[in-house]
Amino acid sequence: MNHLELLRNEHLQLQTRYAELQRRYDILEAARVLRCVENGECDTSTNPDGDSFVKRLLDTVVHLYNKDLYSDITIHFDGRQLRGHRFVLAARTDFWGDLSNAERIELNDISFSVGQILLKWIYTDSLDDHLGDSYILDLLSAALKFQLENLKLRCEALLISRLEVDNSCFRKMERFQPEHFKDMSAPLLYKMLKRRSKHVLNSIIGLEREDVLFLYLIENDSKLVELLNQPDDLDILPLELSFETSQLNIAKSLVEHGADLNKLDANGLSFLWKAIQKGKIDVCEFLVNHGANVDYVNKDSGDTLLHILAKSKMKEEAVGQWASSHIDRFEVNALDINGRTPLMVAIQWGNEKIFNLIVKQEKADANIKDLKYKTALEMALLDKNNLDMAEELVQRKADVNAMDSKDQTLFHKAVCSSNFAAIQFLAKHGADVNKPNSNGSTPLHLFLHSLPAHGEISPTHLDILTILLKSGADPIQRETSSGVFQSPKLEQGKGQGLPLSVLDKEGRSPLWCSLLAGKFDTAKLLLDAGADVNEKSTQENSQPPLLIRAIQAKRDDITRFLLDNKAIAAVTSPDGFTCLNLAVEEGLTPTVDYLCKLGANLNHPNPKTKLIPLWTALQKGDYGTAEVLVGHGSDTEGWAPSDEQSVEEETLLHRAIDQCNQKAAVFLIKSGCNVNALRRLRDPGELVAAASPTTNGSPKSTTSNLPNLRQTPLHISVQWGLADVSKALISNLNCKIDAQDCDGRTAAHIAVMEQDQATLDLLLSHPDPSALGVRDRYGQTPLALAMKHKYNKAAEAICQRLPHAAVQVNGSGENLLHCAVKANDLESVLFLLGLQVDVNIATQDQDRLTALHICAQIGSELVLRNLLLAGAEVNSQNAHGQTALHLAAMGDHSDLCTVLLDNAADPNILDVEGNNALHSAVSQGAANSTQLLLLESNVDYFAANKKRQNIMHLCAINVGIVSAEVFLTILEVHPNFPLEIPDMYGNTLFLLSFLNANAELCRLALKNGACMGVVNHHGQTVFNIDTPTKQLLFGLLDGLEREPRWAEGEQCSECEAKFTLTMRKHHCRHCGRLVCAKCSEHQMPIVKYNLAKNVRVCQICYDVLTMGASNTTAITNQGPVF
């Protein structure tokens, strides 16, 4: 081996080592650059080795994040998805195993925001240092779950760098719950608590760890008694904390190791006291069973445990379960500082369960008096009016004649308070009715003293007097303090033969004169003497009854006197007015109230107006009387005809609104009237008569009033601009603000139409904004109506209240933005874009068009630019796969195509039929758009759709001058565009042009070298296609100026005979089609081709060449059509 070979081998070895070193260096350099980018320390653009394989590989991976490019898997989380790549995921972690057949990964346990950050790190190895702690914690959990070791280390490093005293877990121990430490070992937790907790025992109990408590008890065995009874800084004892958290096992351990069950807290309260107060029956049972002191007495209130039990708000089942089994342990007659026994406390607090338990105890004394000399019976009967408890006490030998310090019995006190039920109870149980008090007054004396001075005695007073007398009250017993003799004054006999019906010259009777003069005592004597309280008119006296006259005279006092003395309240005036009608007319509120109490008909209509008394009061503005009527149950609806001739009936609320009486309408609304009432027809028979075309003289047309039948009071008030009424209706929770009239309009629609911003604001403030989404019969929501009327203030307010209102769709599936774009309404579009409406929402129909698609169809450049500025997806596709560029090109909107292309529209996106934007433009004959796409875009000129048709095929399908113009445009840009490419049916440009009778395009194709004799997959050629005439074919043949391209095939295009070794192929030298020898037996020179010698031609070409196109056509038309 010579020196040259040695040097060559050494050089090869050095080259190999250099390549390996270069590969390792590229890996390290790529990793360094990624770290620099992540830390923001360097710029990758300055890397001199930026074109190395590893660097380019890593750069490619970084740019693949959430891109469709090379994507072969989708990652789903939180209802959304991102694009992924199997090789990147597999390179990061083995968590998902073999991903070769996986098409999607579900990450349902993390949020979308965290998932985005996680996936971005997987691709870019980049993590924002400024992420919040919660995000980093979630990422750390995800890294642990999905075995992303590098991400875990990065998250830990970030968290460690943020660790401070303020966010340390030890600083916030009180925020942790037992479940946070349930998995921590007992020794570790105990060690941590000893270091960090001031009160270790209370912390152990708070964390509910019996195992840690065991370690504490062992370690502190020598001083347990002191520690177990030591409170923390909040004066909470360990035993109290265990009771508070219902940890009775821990409590048992504490008691067994020396915890004092009877230890009092800082307020002097025992454990049993607090357990009863809080209703913790299990704790009470524990304390009693373990020897807690049940004789405890509170030093401040003097309450025993039984007193507290009597005040307890525990459920009766719990009381019955525990108190009944331990009642014998308590002192039932113990007194508190007010001298009350537990029995009295139970009565005072209405604790019937404890009352029944105590009262059944033989030791219970029902006659003990408190410091105010009240007995349990007095509390039950007079203070609480509880007859059941009083009955139970009497059965247990309670003294019904018990006296207080002034010798007042229960009878005295019941009479003074006019407590009829208590008086009746005491009389029933034999209470002494003649027992005097310290003043010598019996209950009867006190009763007579309590009577009103004017002598008006109520029925209750008479009932009490009756009970007292029946119970043996002595009417002749003297009252020692006053020395008077009280006895009833009895009037004996009636006047005999007195002229009580005599009239004066004005027609007034003695009774009426005494009433007018206010001499009611005299009137009473006259009535007792036989005067008629229902005095009526006679032939000499045409006056109405006394009661009617009193009301007409506006004398409440006379009316009340007559009614108290059994005057008939049902009398009417000569005009048919009832007493109530007249009282309301005159504004006599007290009389109205009294008549209502006596059962007067509250809804008797006024004989003149046919309306109920409530409307009369409202019309007069007498709201005091109106309140009385409503309070006694007057009908607040008051259905009545609108007028005498109307076939409609309406409520009082309708009537008030129609008359613009806002105060009356608001009163009715607040009084509970039907705020959703609709007008109704009076009578079906009358309705039919009114609607009949044969009816003559009908004052009103029923049909014309039908729209009003669907209007609620809210519709009418908004329409009339009654702000107070509208406010009251909207504030009423029963008001249906989404009610629709005959046109489907709600109150919000009407407010928008009337531009009543104040009412609209009230509607917007309603808790239920659903009415804002209701559509009228024309498909318009209030928002759509506001935009139609250019009422932008209302539209903006509606959108703020109901953000999704702007994206609601109409019957055609279009939202407001779609409609505005379709109408080319730039102002509305700008308004909606200002509300940040999502411009990428598609219509809810079969086309699924976005606003950008619709704009591309209508051709508005200004609207298009604004949509793009608002974030419209320039390459979004509709249900047919078409982008906005497809649609703009189809409409020949070249200016829109320019804007779309400038905004990164992709002209190579295919629709469902495989057509790109250029296909769409050519198929619609859009010459300007075709030229623009050919010259100013990167569209694939030669692309074919699913039918394998290119732009030339689509051009041939068009008929007319447009197709020729597009054809020339294509050839101008691409002169060598192949014209013989067949589609899926074997049709070429020329054959499709002929099939569509596009003569001009046929001539241009032939002129540019198209083959005339091409045969498609169905065996069709221009020579055998069935057409009405052969004029086009012969014209094309006659117009040939040079020999066309020869056709290829395996059989004769005329007789379809297969070519073999014995049957050779021939071509017609005139048209170029493939024929056999038999079908091309004619030979002749073709002068126009400069062929001087005889050459083969087919029969058709022979006829055209010999006779001319016109003669050949005429001869052919005489025979059968070929």
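Glycine residues also receive a Cβ, built from the backbone N, Cα and C atoms like all the rest.
Feature list (source: TrEMBL):
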type	residues	note
COILED	4-31	coiled coil
DOMAIN	71-128	domain 'BTB'
DOMAIN	1046-1106	domain 'FYVE-type'
REPEAT	234-266	repeat 'ANK'
REPEAT	267-299	repeat 'ANK'
REPEAT	406-438	repeat 'ANK'
REPEAT	506-538	repeat 'ANK'
REPEAT	575-607	repeat 'ANK'
REPEAT	812-844	repeat 'ANK'
REPEAT	847-879	repeat 'ANK'
REPEAT	880-912	repeat 'ANK'
Counts of helix, strand and coil residues, the repeat 'ANK' (575-607), according to DSSP: 17 helix, 1 strand, 15 coil
For the repeat 'ANK' (812-844), residues assigned helix / strand / coil by DSSP: 16 helix, 0 strand, 17 coil
Sequence-remote partners of the repeat 'ANK' (847-879) [C-beta within less than 8 Å, at least six residues beyond its ends]: 817-818, 821-822, 824, 826, 829-830, 833, 839-841, 885-888, 891, 893, 895-896, 899-900, 903-906, 909, 911
Counts of helix, strand and coil residues, the domain 'FYVE-type' (1046-1106), according to DSSP: 14 helix, 18 strand, 29 coil
Per-region confidence, the repeat 'ANK' (575-607) (mean pLDDT, whole number): 89
Residues in the repeat 'ANK' (880-912) grouped by DSSP into helix, strand and remaining coil: 16 helix, 0 strand, 17 coil
Other parts of the chain folded back onto the repeat 'ANK' (234-266), taken as Cβ under 8 Å at six or more residues beyond its ends: 201-202, 205-206, 208, 210, 213-214, 217, 224-225, 228, 274-275, 280, 282-283, 286-287, 290-293, 296
